[in-house]
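What follows is one structure encoded as structure tokens, with my remarks underneath.
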Ligand SMILES: O=P(O)(O)OC[C@H]1O[C@H](OP(=O)(O)OP(=O)(O)O)[C@H](O)[C@@H]1O
Ligand SMILES: O=c1cc[nH]c(=O)[nH]1
Ligand SMILES: [Mg+2]
């Protein structure tokens with residue numbers, strides 16, 4: 001999986017505050033919202049555009065507009081919701097689909113409890129947002145939903161990624177002719193015995209939504 005770790009002092013500053021266990025949920029939500037916007041700037045470098053000509057007050061000008069069909073943004077509930085507004089702020093015309101998934105903390109396997117996606121995604125660019133890429137089980141299942149519907153251009157935006165998650169995605173989609181890109185704020189060290197990213201930031205959904 002093509003991976004871009006965004007190196008930028010503002011990204012590092014906001015990620016450090018997100019990691020800090022002392023950061024409360026309102027602040028955590030604001031930082032996640034700000035951070036995804038910085039990642040989205042990089043993640044949308046390939047977004048499809050089409051040529052247009054407009055009249056300025058002075059003269060005609062050649063330009064571009066987002067091509068249609070517009071991209072699809074898919075937050076993976078719960079924690080992906082914390083990244084949705086930041087993403088749609090940059091892509092206001094994007095369509096939004098939803099995947100509700102929860103990782104079984106015994107088996108570490110992802111289980112799906114809600115799917116609201118267009119049936120036909122052929123020709124669509126898709127941006128998946130989920131703060132954490134840990135074992136990769138959740139993202140792999142999400143990408144499979146999207147590929148099964150015909151998507152051929154998927155970019156995942158994650159706040160943190162673990163090497164195990166990237167390796168899992170590489171195995172799961174080895175030989176696939178459809179590119180999957182990952183844009184993240186940091187590649188962390190490893191997973192602990194509970195499947196949590198080390199040093200990580202804890203359970204992203206719990207941090208976002210005040211679960212103590
Ligand atoms: O790469 P994986 O090992 O699959 O782990 C990553 C997933 O785990 C967390 O979700 P969780 O299942 O805790 O649900 P939540 O988002 O509702 O907190 C996180 O939000 C990711 O979706
Ligand atoms: O560290 C982790 C791993 C999986 N899910 C999370 O929310 N955090
Ligand atoms: Mg989740």
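Backbone N, Cα and C atoms are what each Cβ position is placed from, and that goes for glycine too.
As recorded in TrEMBL, the features of this protein are as follows:
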BINDING   78, 103, 130, 131, 132, 133, 134, 135, 136, 137, 138, 203  5-phospho-alpha-D-ribose 1-diphosphate binding site
BINDING   197, 202, 203, 204  uracil binding site
DOMAIN    5-210  domain 'Phosphoribosyltransferase'
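Annotated features, which come from TrEMBL, shown on the structure.
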residue: 78; record: 5-phospho-alpha-D-ribose 1-diphosphate binding site; CB count, 10 Å: 19
residue: 130; record: 5-phospho-alpha-D-ribose 1-diphosphate binding site; CB count, 10 Å: 27
residue: 132; record: 5-phospho-alpha-D-ribose 1-diphosphate binding site; CB count, 10 Å: 27
residue: 134; record: 5-phospho-alpha-D-ribose 1-diphosphate binding site; CB count, 10 Å: 26
residue: 136; record: 5-phospho-alpha-D-ribose 1-diphosphate binding site; CB count, 10 Å: 22
residue: 138; record: 5-phospho-alpha-D-ribose 1-diphosphate binding site; CB count, 10 Å: 26
residue: 197; record: uracil binding site; CB count, 10 Å: 27
residue: 202; record: uracil binding site; CB count, 10 Å: 16
residue: 203; record: uracil binding site; CB count, 10 Å: 18
residue: 204; record: uracil binding site; CB count, 10 Å: 25
Candidates near ligand 2 among the binding-site residues 78, 130, 136, 138, 203, judged by a Cβ under 6 angstroms:
203
Check residue 132 (5-phospho-alpha-D-ribose 1-diphosphate binding site) against DSSP and tell me helix, strand or coil, would you?
strand
Averaging the per-residue pLDDT over the domain 'Phosphoribosyltransferase' (5-210), what integer do you get?
97
Please name which of the binding-site residues listed here, 78, 132, 136, is nearest in space to residue 197 (uracil binding site), Cα against Cα.
132
Looking at the binding-site residues listed here (202, 203, 204), whose Cα lies nearest to that of residue 130 (5-phospho-alpha-D-ribose 1-diphosphate binding site)?
204
